[in-house]
Amino acid sequence: MNPTPLLDQIQSPDDLKSLSLNDLESLSMELRQFLIGSVLDSGGHFASGLGVVELTVALHHVFNTPHDKIIWDVGHQAYPHKILTGRKDQIHTIRKKGGLGPFPSLNESDYDAFGVGHSSTSISAALGMAIGAKHHHDESQQLIAVIGDGALTAGQAFEALNHAGDLKANLLVILNDNNMSISPNVGALSTMLTRTLSKPAIQSIRESGAKFLENLPFPQALDLAKRAETRVKSAVAEQSIIFEEFGFQYFGPIDGHDLPTLITTLKNLKQKSGPRFLHITTKKGKGYAKAEAEPVKFHAVSAAKRESSPADKISATQSESHLEKKLEKQKPSLTYTQVFSQWLCDMAEIEPDLMAITPAMCEGSGLVAFSQRFPHRFFDTAIAEQHAVTLGAGMALGGVKPVVAIYSTFLQRAYDQLIHDVAIQNLNVTFAIDRAGIVGPDGATHAGTFDIAYLRTIPNMVIMAPSSEEECYKMLTTAYHYPGPAAVRYPRGKGIGTQISDEPIEKIEIGKSQLLQEGESLLVINIGPLIENAATIANHFGGSLLDLRFVKPLDREMLLKLARSHQAIITIEDGAIMGGAGSAINELLASEGIFMPIKHFGIKDYYPEHGEREEILADYGLTPKKMIEETEAFLSLLKLAQ
């Protein structure tokens, strides 16, 4: 890695205050090179941070953080911020267990003003802080929300803009636009106009002029002056009109990589009050040619591969088990996202009414192939989960069959629409829920551990959890043909290696589980992708193994039959224990007067940390070794009780 003499001296943003413009530009170059080297080596979000290097340097140079608050929307772009706020020597630990978190977090640094991970929350948060500052008569505090053009597509962002403008709140919103191209002439004129209009002297003249015009005997004078200014500005940037209508003073667009202009503009805006909107344009992946050319591909990168020895693994059986024979393993295995992608294209070939919807997750949800092959049946709603779900409801009533591909963590944002628009009307909408369970490096904000708990309380909803690639394919087919709302939730990463048949895939009977192994005394019930671990437990104790398949409706007949023929039950799932599938089984047995010892393995009542999926599973005791130990202790207690 290249030497970074200036960057090495930066322990906090205070160290930026006295640097000359030349030094700040050199610092930006060093910061970008350090970021490229460290993230390519250790992995993490890549392209977004490279695009905001100059902005980050300018913000921390101009504003008095942490008294002034910078709220980074989503947080993918916050790596330069972390580096400049005393975390440079830890940046190689980002997204690793025990290391820096993937996003800004209140628990990590005083410079992280608001915890983020999901999009479009920054303006709301900044507005709330601005209201607090006003209440406490802190007129010196600056609140800055930095939001990307993608995040600005969400309704919450516009709700916050509307409210902030109405309140005339003292905050600055910076739009980091890395998608819009502006012609050189327009860009130059716009930069000049922003520099001019943002100057305190010009602002003072504007305000004095407004007061003068208000006192004239012609009430139309002030309105005419405002319209004239708006027309001049809109001739340069038509996009300014909407933000001016929200009550913001609009400045830009300016080049977000032009550090002198950024610093000058921010210094001028710092001396202004009220709602201010600065529009900057940046290049995602700036400084790394491959990332500039393919910003989506380089949104995040994996760590450089190193040899590692798997920890805490034990053999499922000493000999080939009945389960292994049944699964017909084929290596290498597909990811569940790839299974969904294949299923969607296969089904679209024979189902002309199939439509696919995603809220800005085309690549992540495996929809690229579908979007290319069936472009007129593909709908990307941008970051608008609520709209995506209700759009699906409308499509279902319009005579087509929608499939909503969405991450578990983002479906939380559309809970009202799930109930109000889809489930109450019992509409045939298929939900392909990716990233269910433990997601790994993205941590608590992206954990998909709550979907079973929040979905199973909704009447009319069918919920399936596949244990393998083949099961996932079958369940998607089942959900698609079900006459009401149905969800298939599956994890990030690869399956266990089962082969997807070339033969037409049959549907699974709704609510039917699969008994994979018959044993005695102990009944092990698997829910979802931890089937191999469940098989290990069942084999170790000579117990029965049931793959639940359906969380809702439960296989009532099978569960009651097996409960009456066994002495204890173990449930294994990769979601929250509270309200999860194991809890549903408890409720069923209790309602039938069956009271027996049940132990639940799953996600306990706290948020998963960031780290590799295997590490997080180990933390929750979801490795075969740990589950065997805990099951032995559980069974020994039962013997003592007798």
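Every residue, even glycine, has its Cβ placed from backbone N, Cα and C.
Some features that TrEMBL has for this protein:
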type	residues	note
BINDING	H76, G117, H118, S119, G150, A151, N178, Y288, E385	thiamine diphosphate binding site
BINDING	D149, N178	Mg(2+) binding site
DOMAIN	334-498	domain 'Transketolase-like pyrimidine-binding'
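Taking the Cβ of E385 (thiamine diphosphate binding site) as centre and 10 Å as the limit, one finds 28 other Cβ atoms among all the protein chains shown.
In this entry, thiamine diphosphate is bound by H76, G117, H118, S119, G150, A151, N178, Y288, E385, whose most widely separated C-alpha atoms sit 32 angstrom apart. Here the Cα atom of H76 (thiamine diphosphate binding site) is found 13 Å from that of D149 (Mg(2+) binding site).
By the criterion of other Cβ atoms within 10 Å of the residue's own Cβ, the least surrounded of the binding-site residues D149, G150 is D149. Among the listed binding-site residues, namely H76, H118, N178, the Cβ with the most fellow Cβ atoms inside 10 Å is that of H76. Across the fold, the C-alpha of D149 (Mg(2+) binding site) and the C-alpha of N178 (thiamine diphosphate binding site) stand 7 Å from each other.
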